[in-house]
Amino acid sequence: MLTSTAEDGEIEVRISVGLFMYLSNESAYTSNLQGLPTPGVLKRRVGQARYEVSTRSHGTPFSTGNLLNQATVEFERCRCINSPCPIPSHSNSATHKRALASESKLARAEVQLENARHECSLLKEVEVRLQSECEMLRRERQSTSLVLADLDTIKTRLERTDADSRIKMESKLDEANRECSAIRRRLQVELEEVNPHLREGRVENHLGKTTPSSPDRDFNLDLPVLSSRSFNTTSALANYATEEEEDRWRALQATLVAQLNSSKTGYEEEKSAADRLREDLAGARKELRSQASQLEELNNKLKEMSLPPPPVDTGSNEFETLTKRLNELEARLSRSQSDLSLAQQQLQDARQQTETYREIAESSEIRLKEEMSSIEKYRQDTQNRLLEADNCEAALRKQLQEANTQLARITTGTTQSTTELNAQLIMGRDKLKKIQEELEQKKLELEEAHKNNVELLSSAQEAEEKYSREIVLHSNDIQALAKVREELLTKTNKLDRLEAEKSEAVQALQIGRSNWEERERKLREQLASVEQRLVDLNSQNSVLHDQIQSFSSQLALQQSLTEDSGNISLNRSLNTSLSEEEMKSTEQLVSVIKYLRKEKDIAYGKFEVIRTENLRLKTQLENAEKQLRTAQESLKAEAEVTDTSVATSAKHAELLRKVDMLNAITDSNRGLREEQFLLQSKVKELTERVKKLNSELEPAMKENREFSTKKERPCLLPPTPLRKVKGLCPLEGSAFPPARAQPLAYIPPLRIGAFLPRGSPFLGLLDLIIDACRAVHKNKE
């Protein structure tokens, strides 16, 4: 059975031939033969397969001609099976072997088909990768173009800012000059108002003589001279122009004049340098033009001098002078060219210097912006910290005020009962316990935060080490990837070259086959014509043999007739006639034999030529087949190389996956760092709070010590309220029996302080409460 399917340019041809076991029973054999398809059906199936293969086999990596030939062979075999001729017993094994061979060929073709599909998929992947690389290159070009455009815009902005700054500076200088002139005029007017002699244009010196004075000269006087004269003449000018103002204006004027002079000098220098360069360029161009014109003239003169010179002796001297002049002009031309190259080099150096200055200005602006942003961030952080410190200070002040009010209440509230004091004491104990619990919790939180901080630091160090290791591995992988890409490019180029050579070899083989077939057809036609000619010659040869036999029979008759002696005259006449006829026939036979020999020699020569041509074509065919085999072997080798390229692409994909993992690790590392900074800030705040609380507790401890030293007189507490108080001593009220009241001085202070930790602020409160109770009890007594 023959089936053919075509999908996506890939053709699969399968041929299955049923193997028939020839049984001894003729009926079983005939039943097997009846199950076979008819030759007409097989012809139609083979035609359909050929049509599908011819229409859909464009671009297939293997040739289906062999498979179709196999199909036709199997069709002929089936036709032979259906023929009524008897089948020998040994044909069973032959057909079995053929079927096995066809199955092996079919398996080989399927393997080739799978290899071709694999190669097609690899080529598609390579195409996709190349398209992605092209997109990346296009994006890089676009980014570079955008960067260049941004640089151009920045350059134009800088030029605009420079021009604006220059204009502003010039305007400021003009304004300063105007202000200076106005101040001078005002001072001159004030001087004239104060000293009336100046109005008439004369000034009286200390000798009593008058000297003429002009307003221009007074206007051009320096400010220190005017101030000294005005100070000597009158003291009214002290209200209008003081020495500080004069110094300030003089310094401002000097700075502005210096800036103006420096800018003017720089501008003039740049302008003069540009003018010099332009003049040098114009002079060089003029010299080049003049030298070019001189060269043209000299060339024309040389052309004229190339003509045969006149026989006069003076021409040689003129030729020598012209050659000398030409050499001088060439030397001048070389000198001018060297000067021009130096000028161009200087121009390039000036451009490079301007570019470097521009880059320095851009970098300085970027640094200035970064510093301003960092200063703003620092200012914001300091403001936030100051606000937090102010809030903490306000809260602590409130706590201090509350404590002071409580202390004032305790000191002023001598009329309160002991029950209230005991209740406050219990409340204080409860608060103390709460505060202790909160402190313990805060301590635990601080320890946990410290532990977390240590763990985060260790994890951050590990992450940094991993990151550095991954960066090193990534750089190594990138280098390996670049090498693999280069190798892949070389292999792909080699593969394309081999495919081109294969296509050329296949085309040459097809052309050789077609030429060989044409020559074979022509040789066959020539052979057929030669065979026809040989047949004709053989027929002619047989006719000649028949004629020779007839002539020999005639000669025998003539000899028998010559033996008769009766008819002598008749024999003579017959002999003469026969001899003439024999001579003619023999000449004809000799000519025919010569002609036949020539034809035979020609035929043998043509046969030798055809045989040598056949041998030459066979050798060409063998060489072409060898080239085809080498091309196929090289293609197989390149297919193996492409397998290695597939492995490298898989490695590249794995490398990209690792890079993604590395990016994720870096993101997590950033988050951990932010958390670390937050925890460190919290730890700092808590430590500052602890320090502040300790600093606040120190004066309270001092006051407690002072109050404890002031205890001199013991007093008794009333019995009833202290009986209700539990937990005042470790025995829960057993320290005060109900019969009589015990003095508080006899209670050990360690028992009272045993309920509170060392350094707590409530120890001072307890001491104050005890002192107040003693004072109340003393007043009652």
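Here the Cβ of each residue, glycine as well, is placed from N, Cα and C on the backbone.
What TrEMBL says about a protein is an automatic prediction, not a curated fact.
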Students should find that the coiled coil stretch in TrEMBL, chosen from 222-256, 572-606, 607-641, is 607-641
With TrEMBL as the source, identify the stretch among 54-81, 166-193, 390-417 annotated coiled coil. 166-193
Would you mind giving the whole-number mean pLDDT across the coiled coil (676-703)? 81
